[in-house]
Amino acid sequence: MTFETLKNFSSPKECLVNVLDEAEAICVGVGAGMGAADGFTYVGERFEKAFPDFIKAYHFLDMFQASVYPFEDIQEYWAFFSRFVALNYLDQPLGPSFVRLKKMLEGKNYHIITSNADNAFEKADFDPHRVFDVQGKYNLIQCRKGCHPKRYPVNELMRKMVQETKNRKVPLSLVPRCPKCGGEMELNRRNHVDWMVEDQAFKKERERFETFLQENSSKKLLLLELGCGYMAPQVIKHPFWKWCEQWENSLYVTVNLKNYKIPSAIRSRTIWLKEDIATLLKEVSED
């Protein structure tokens, strides 16, 4: 039970249209490259306009470098991250590629796993029960020590912090403290040792995703990877490779302009579309 699309297609657009039609189930992996295709980048003008004071003080090259910097002052930490959350979650506009992806998946048996922690899928009005935010969410905070398994929404607090920041610091009165241990809190995002607080809501997301995979692993399963690189390959890319090797009826399709070595075990069931994501999804949605 192989994908007929493997044998013949004349263009990336035709390929993607055909595999979406042929698949009995679709697992979509979305990385930072898809947001970047819509202009939600961590470099250049977008970063420079939002953080001129932090760039001047620390000579940051991009938002990623800034986001992993070990700020020693907790007031400065929240001055940076409240602005980061406003830019990448609260005020991030609707991404046209996400709207087009939603249209492409309408009526299909699909589930999404994303390493992005922004608002893109919410803005595009995806069913939240079909999206697994495996790396956390920017609008949630957690105890830095992880003393208890709960995440807290902080939209209004982030707004207030941005408004009241002075000299790269928020007022001490706005700094959140853990309601259980009284310690410092931080954004809910997976850190360099692959840890973050995982509460019941997160565990339910993961359970729904794993159930989808279990129920569809023997079907014609399309593993569609959009904009996933090597910043955290263990989250989407490597699992997709493993699943493609394990499940003989699956097909791995990656849309990425960068070159990555595909494991020999799955090359015969891999299609690499070296296309700009935004351009390709626009072409497919207009079909």
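Note that Cβ sites are derived from N, Cα and C of the backbone, with glycine treated the same way.
As written in TrEMBL, here are the features:
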DOMAIN    5-287  domain 'Deacetylase sirtuin-type'
BINDING   Cys143, Cys147, Cys178, Cys181  Zn(2+) binding site
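Structure with TrEMBL features highlighted.
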| residue | record | CB count, 10 Å |
| --- | --- | --- |
| Cys143 | Zn(2+) binding site | 23 |
| Cys147 | Zn(2+) binding site | 15 |
| Cys178 | Zn(2+) binding site | 20 |
| Cys181 | Zn(2+) binding site | 13 |
Q. Once the DSSP letters are reduced so that anything not helix or strand counts as coil, what is Cys143 (Zn(2+) binding site)?
A. strand
Q.
Neighbours of the Zn(2+) site Cys143, Cys147, Cys178, Cys181: Cβ within 8 Å of the Cβ centroid, same chain, sequence order.
A. Arg144, Lys145, Gly146, His148, Pro179, Lys180, Gly182, Gly183, Met185
Q | Per DSSP, three-state class assigned to Cys181 (Zn(2+) binding site) | A | coil
Q | pLDDT averaged over the residues of the domain 'Deacetylase sirtuin-type' (5-287) | A | 96
